[in-house]
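First up is the structure itself, then whatever we jot down about it.
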Amino acid sequence: MYPHETPAMRLSLLLLVAAAAALSAAPAAAQMPPIIVPPPVIVGGGQQPQVPPVGIQQPAQPVAGAPGALSPEFYSQSCPRAERIIAEVMQSKQMANPTTAAGVLRVFFHDCFVSGCDASVLIASTQFEKSEHDAEINHSLPGDAFDAVVRAKLALELECPGVVSCADILALASRVLVTMTGGPRYPISLGRRDSLSSSPTAPDVELPHANYTVDHLIQLFTAKGFTVQELVALSGAHTLGFSHCKEFADRLYSFRDKGGKPEAFDPTMNPSLAKGLQAVCKDYLKDPTIAAFNDIMTPGKFDNMYFVNLERGLGLLSTDEELFLDPRTKPLVERYAANSTAFFDDFGRAMEKLSEYGVKTGAQGEVRRRCDAYNHGPVMPK
């Protein structure tokens with residue numbers, strides 16, 4: 001059982017829902033009505049935050065062809081219905097819990113960016129061995145996302161036991177859910193092996209934090225072989241999901257400008273949004289589960305609205321808004337805000353590249369029987 005799914009845990013979320021657009025968009029755009037912030041919606045009893053349903057496409061067709069070391073046809077002979085099975089499970093899960101897509105996408109990024117796309121983030125901690133779950137930055141990963149992968153693994157084990165790796169399940173599930181929520185379909189090569197270790201300390205060092213500067217983000221991504229363009233494109237995944245108040249509270253309370261002058265809130269944030277968030281998040285220290293949607297306009301749809309929101313001062317995290325303020329990233333934000341096709345194309349290429357980062361093949365890993373546990377225990381790095 002994953003720690004996120006302990007029966008005693010009660011998830012209580014107050015979610016900010018905006019009913020209108022920002023005060024204004026780009027200079028050339030027409031004026032829009034102020035944000036209307038209705039009373040927060042309380043979600044309790046372990047429920048996930050509810051987002052407006054969006055059109056869900058039919059599951060993708062299974063790939064076919066000859067097996068290879070790492071290729072889209074890897075399971076064409078050994079488990080030809082693998083992608084269809086994963087798609088069916090994800091479709092059911094997304095319809096029941098509309099935040100599944102955001103959760104799985106976030107888990108996938110947290111997995112790949114640490115030790116490569118090897119399902120190390122899926123390993124559950126035990127009383128004898130800690131894992132990536134123990135890293136502070138991973139404490140907020142939603143249990144619902146892990147459950148989606150577990151369900152897909154169970155279905156695949158019935159169809160073709162011991163064949164499809166958890167790393168491949170997570171990669172395919174991410175693509176399926178991006179597509180289901182309106183995003184692009186991009187190529188995915190298969191044949192990943194699951195990791196033989198999971199570090200409890202690496203995630204806090206290797207993953208970007210909500211208060212990172214653009215300099216820090218660029219350094220982090222460049223060190224892993226990703227460009228500034230890929231950094232901005234991948235950030236567009238924030239069009240789905242939500243963030244906990246503690247991740248952006250420094251923009252709302254006791255904010256000071258670079259000269260140390262106190263401000264009511266971060267002046268780069270739209271005032272209506274800032275005041276609404278101040279009301280919603282006022283008890284976040286008592287209840288760390290309070291959260292708000294990353295994209296207040298279309299929180300359940302994969303689109304380019306995240307970038308449009310940044311132009312309007314509607315970025316939730318400081319790292320989000322910094323992308324619009326920094327001259328190295330601002331042109332890309334403006335390009336994606338104005339051209340959803342350009343964003344989809346670049347996001348798809350960046351996700352394809354991310355999905356192949358640090359993969360394990362052959363004897364470098366294993367195909368786990370359960371995604372949350374090693375087959376024979378962890379192998380300590382030499």
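Cβ atoms are placed via backbone N, Cα and C, with glycine included.
According to TrEMBL, the domain 'Plant heme peroxidase family profile' annotation covers 69-375.
Among the features that TrEMBL reports, disulfide bond is placed at C79-C160 (among others). Taking Cβ-Cβ distances under 8 Å and a sequence gap of 6 or more within the same chain, the neighbours of C160 (disulfide bond) are Y75, S78, C79, A82.
Cβ neighbours of R106 (site 'Transition state stabilizer') (same chain, under 8 Å, six or more residues apart in sequence): L141, P142, A145, A237, G241. According to TrEMBL, the site 'Transition state stabilizer' annotation covers R106.
Positions annotated as active site, proton acceptor by TrEMBL: H110.
In this view, C117 (disulfide bond) is surrounded by 27 other Cβ atoms within 10 Å of its Cβ, with every protein chain counted. According to TrEMBL, the disulfide bond annotation covers C112-C117 (among others).
Positions annotated as disulfide bond by TrEMBL: C166-C371 (among others). The Cβ neighbour count for C371 (disulfide bond), using a 10 Å radius over every protein chain in view, is 23.
According to TrEMBL, the substrate binding site annotation covers P208. The Cβ of P208 (substrate binding site) has 18 other Cβ atoms within 10 Å, all protein chains considered.
The Cβ neighbour count for C245 (disulfide bond), using a 10 Å radius over every protein chain in view, is 26. Summarising the annotation, TrEMBL assigns disulfide bond to C245-C281 (among others).
In this structure the C-alpha atoms belonging to C112 (disulfide bond) and P208 (substrate binding site) are separated by 13 Å. For C166 (disulfide bond), the nearest of the recorded positions H110, P208, C245 in terms of C-alpha separation is H110. Taking each of the disulfide-bonded residues C79, C112, C166, C281 in turn and counting other Cβ atoms within 10 Å of its Cβ gives the largest count for C166. When Cα-Cα distances from C371 (disulfide bond) are compared across the recorded positions H110, C117, P208, C245, C281, the shortest belongs to C117.
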